[in-house]
Amino acid sequence: MDDYKDTLNLPKTLFSMRGNLSKKEPNILKSWNENNLYKLIRKKNQEKKIFFLHDGPPYANGNIHIGHAVNKILKDIIIKSKNMSGFDAPYIPSWDCHGLPIEQKVEEKIKSNQGEISTTEFQEKCRKYAQDQVEKQKKDFIRLGVIGDWDNPHLTMNFKNEANIIKTLSKIVQKKHLYQDFKPIHWCLKCASSLSEAEIEYSKKKSDSIIVGFKFKYKSIIEKLFDFQISNKKEIHLLIWTTTPWTLPSSKAISIHPDFQYQLIETERCYLIIAKELVEKTLNTLKIKKSIIRNYVKGRFLEKMICLHPFLKNIDLPVILGKHVTLESGTGAVHTAPDHGLEDYIISQKYNIKTSNIVNFKGEYISNTHDKLDGVNVLEANSIIIELLIKNNTFFHHESLIHSYPHCWRHKSPVIYRATPQWFIDIDQKQLRIKLLQEIKKVRWIPEWGESRIGEMIKKRPDWCISRQRKWGVPMSIFIHKNTRKIHPNTFVFMKKIAKKVELEGLQVWWNIDSKEILGEEYQSYEKILDILDVWFESGNTHTTINYKNKNYTKKNADMFLEGSDQHRGWFMSSLIISTLISEKKPYSEVLTHGFVVDGKGQKMSKSIGNTISPNEIVDTLGADILRLWVASSNYSNDISISNEILKSSSDIYRRIRNTARFMLANISDFDPKKNIISKENMVLLDKWAIGQTKIVQEEIIQHYNNYNFHAVIQRLMYFCSIEMGSFYLDIIKDRQYTLKKHSQERRSSQTAIYYIINSLVRWIAPILSFTADEIWSYLPENNSQYVFMEEWFDKLFYLDQDDLFNYQFWNEIITIKHEINKFLEEAIQNKTINNSLETSIILYVSHELSNKLKILEQETKFIFLTSDIQIKLYDTAPKNAKKSKIVPYLKVSLEKIKGKKCPRCWHYFNFTKKNIKNSDICNRCILNTIGNGEKRIFI
């Protein structure tokens with residue numbers, strides 16, 4: 001038997017089957033860097049409409065984690081897809097460079113000589129540390145394949161940006177939204193600083209839950225009010241319930257609801273006053289079996305009654321009215337400590353009850369609080385408080401309670417409310433809160449629930465505490481009068497002057513500057529405020545400083561913000577407040593949020609659990625494209641699961657896409673688009689369908705990109721590669737590709753289709769599988785651009801004419817029939833009736849309509865079903881043993897083992913007769929394709 005291998009057009013490519021991504025990707029990155037790919041893209045797109053995704057600044061501290069990778073990859077996918085959709089989509093990476101974590105890292109390094117270092121020296125060390133962290137993280141982000149202006153990132157610590165932050169605050173001062181107050185704010189004992197709402201996270205905490213009695217000072221008034229004669233031997237207690245016993249030393253009043261009914265209940269021990277609806281529950285908790293309800297009054301009648309502090313001597317506490325009191329739990333009365341609760345503070349203000357602070361910045365009671373409490377940390381004081389209550393006969397009940405409690409997001413430790421003099425932005429001044437709620441309605445929130453979430457936060461949020469008692473941050477840059485404590489009337493002008501100096505020398509200027517230089521002779525009357533700004537104020541201001549606009553950009557805001565769902569109360573909120581306050585406009589048109597990364601069991605990533613996965617480890621072992629594919633495949637609107645099994649699944653998807661691309665590249669190795677392109681009119685019908693189907697898929701994929709449904713992009717890609725191409729089109733054209741004459745129109749027709757399809761496919765995957773797309777692009781003949789990222793979606797695809805007899809409906813029916821026949825063939829192979837489809841004669845029993853269409857295809861029909869022989873008969877003529885399709889109506893199939901000889905060249909079976917050329921063992925078709933004029937194909 002002759003070897004006919006040299007007569008076949010076998011596929012050939014250097015594009016490897018294995019990705020070897022971890023080895024190849026660094027070289028691809030080197031090419032991008034050496035040729036400055038980002039600038040090439042921007043230059044090519046410079047006249048196009050801008051799409052600007054504003055990068056939320058990650059904190060410049062520590063290695064990147066898997067959450068960072070998810071965020072940056074999602075942004076990169078969007079940027080690249082927008083560039084390919086005809087936009088100029090710049091990407092300017094940002095970093096948040098000030099704040100406590102950096103201070104703490106520097107403090108750890110200089111512990112031995114901390115007292116010898118000046119504030120400005122300390123700030124310089126912080127700046128150096130932050131810059132080092134930026135460089136480290138930048139390297140990791142670049143390794144993920146994220147393309148951006150890495151040489152010119154936005155750093156909040158750049159002098160110009162520090163100055164701009166001061167300018168923004170000056171405008172807020174000018175609009176009279178800044179004020180100072182002595183009110184309770186979240187305070188972290190480990191940070192020794194105030195915290196903003198965005199720096200708080202809620203976790204479960206075990207607390208001491210106690211019920212305490214506040215004795216009424218004047219029994220006779222209560223006796224008269226309840227119209228009942230009180231026993232002289234029994235005290236009257238207004239019961240309160242609290243989970244923060246340590247706040248009792250700060251009690252200034254007891255709040256009750258004006259409209260609730262409060263019952264006077266006599267027990268063996270004393271008289272109790274409890275809200276009517278909570279009496280039964282409270283008595284059960286106290287295990288009081290014998291009691292008598294003596295009378296009741298509305299809460300408003302108890303207003304200004306005087307109670308005694310439960311253990312501090314000679315302190316009278318008034319009963320006050322507040323609608324913040326509820327019947328959900330407790331007793332219907334709450335002790336009121338304006339130092340340690342915002343609602344307590346607000347209600348105390350109405351009664352002119354002054355706020356004082358008996359807890360220092362370390363969380364310790366100050367001197368003269370109580371001889372048992374002085375110097376004690378408040379979080380360790382509950383047991384002492386309970387002892388004092390027992391001693392004073394005001395203790396009624398104690399139990400442990402596990403509940404949700406605010407914690408510091410950095411230290412994961414419980415925080416307290418502590419009253420200190422701080423600076424606030426007034427959220428209700430000039431109807432700012434109402435404007436914020438109006439602006440969020442103009443934003444597209446993805447997912448949609450983001451709008452209601454941030455809306456509820458805006459409705460409930462307190463005024464924004466923007467001051468911090470630290471050193472590494474932008475200074476507030478204001479002076480206040482030493483006596484009146486009011487801001488200098490020319491503060492707006494002074495702040496602009498200070499900002500100019502900061503722009504030249506950095507934030508350290510404020511600590512070094514002589515007040516006289518700014519204030520002149522007034523300097524002796526004013527005090528320089530050394531507080532710095534909340535880092536959320538800094539990051540919330542970034543949208544005002546990044547220069548992303550050109551002549552084609554007319555919007556007043558960024559197109560998109562994209563961050564984790566925790567940023568509704570963080571960066572989204574701070575940016576919205578500042579933008580609305582300064583310009584009365586929203587800072588973004590779209591806000592997209594993603595969930596958090598969890599392990600395969602749905603558990604939160606935690607070092608203590610040991611379930612964390614480093615993005616760098618994934619990149620070093622599997623490659624960045626696998627990580628990018630995992631991100632794109634995930635429904636990021638929910639929490640995103642990751643595990644070795646999930647990454648293996650991503651690798652399997654990758655392998656399918658890569659092998660599809662490899663097959664196509666291998667089959668156009670001898671194809672020159674300048675010479676070999678076949679026009680639509682002269683193409684084989686199946687190739688026209690393939691191009692038309694590719695166009696349909698491209699429209700779907702573009703739509704998914706536009707809607708940010710990247711998992712849908714992957715699903716559509718997989719179906720296209722596996723089903724429409726892999727098990728249908730590419731499978732069918734192998735025969736034509738390999739066995740027809742090399743330069744035949746029929747073969748060049750399928751190569752034209754492949755060329756168009758791979759040109760489309762490489763663009764579809766470029767935003768996600770960026771390294772692989774770049775590699776594929778390097779193997780494609782006749783590229784217009786150096787890099788695929790400089791291209792737009794492929795524009796040479798065309799639709800099938802819907803009026804054609806063989807339209808999409810026909811081909812969809814054929815695909816379905818082919819899948820059905822494949823099932824029957826697999827069954828026959830398993831039963832060892834046949835070995836493969838080519839040694840099978842297939843008889844199709846179909847409807848008149850389909851029979852007429854298939855007969856037009858004549859002998860080419862067999863190539864669709866990869867068989868050596870096919871017969872088309874009417875459905876009604878099918879024998880009883882024909883297999884009936886459960887999916888396709890009017891379809892029955894009979895399979896018979898074919899008779900004849902197997903052609904050693906094309907592997908089809910044929911009847912060997914004397915008509916065959918002498919000494920030839922190949923079929924007539926192969927004879928035509930080797931020494932003849934070539935086989936003709938019209939349809940398949």
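Placed from the backbone N, Cα and C atoms, the Cβ positions cover glycine too.
Note on Swiss-Prot: of 604-608, 634-638, 899-903, the range annotated with the feature motif ''KMSKS' region' is 604-608. Note on Swiss-Prot: of 47-57, 58-68, 223-233, 465-475, the range annotated with the feature motif ''HIGH' region' is 58-68.
Using CA atoms as reference points, the binding-site residues CYS903, CYS906, CYS923, CYS926 were checked against GLU563 (L-isoleucyl-5'-AMP binding site), and the closest is CYS906.
Taking the Cα atom of each, CYS926 (Zn(2+) binding site) and LYS607 (ATP binding site) are about 65 angstrom apart. Taking H, G and I as helix, E and B as strand and the rest as coil, DSSP gives the motif ''HIGH' region' (58-68) the counts 3 helix, 1 strand, 7 coil. Of the recorded residues, CYS903 (Zn(2+) binding site) and LYS607 (ATP binding site) place their C-alpha atoms 63 Å from one another.
Cβ neighbour counts within 10 Å, taken over all protein chains shown, single out CYS926 as the most crowded of the binding-site residues CYS903, CYS906, CYS926. Under the DSSP three-state reduction, GLU563 (L-isoleucyl-5'-AMP binding site) is assigned to strand.
Take the CB of LYS607 (ATP binding site) and look out to 10 A: across all protein chains shown you find 8 other CB atoms. Considering other CB atoms within 10 Å as the measure, the emptiest surroundings among the binding-site residues GLU563, CYS923 are those of GLU563.
Helix, strand and coil counts from DSSP across the motif ''KMSKS' region' (604-608) read 0 helix, 1 strand, 4 coil. Distance from the CA of LYS607 (ATP binding site) to the CA of CYS906 (Zn(2+) binding site) is 59 Å.
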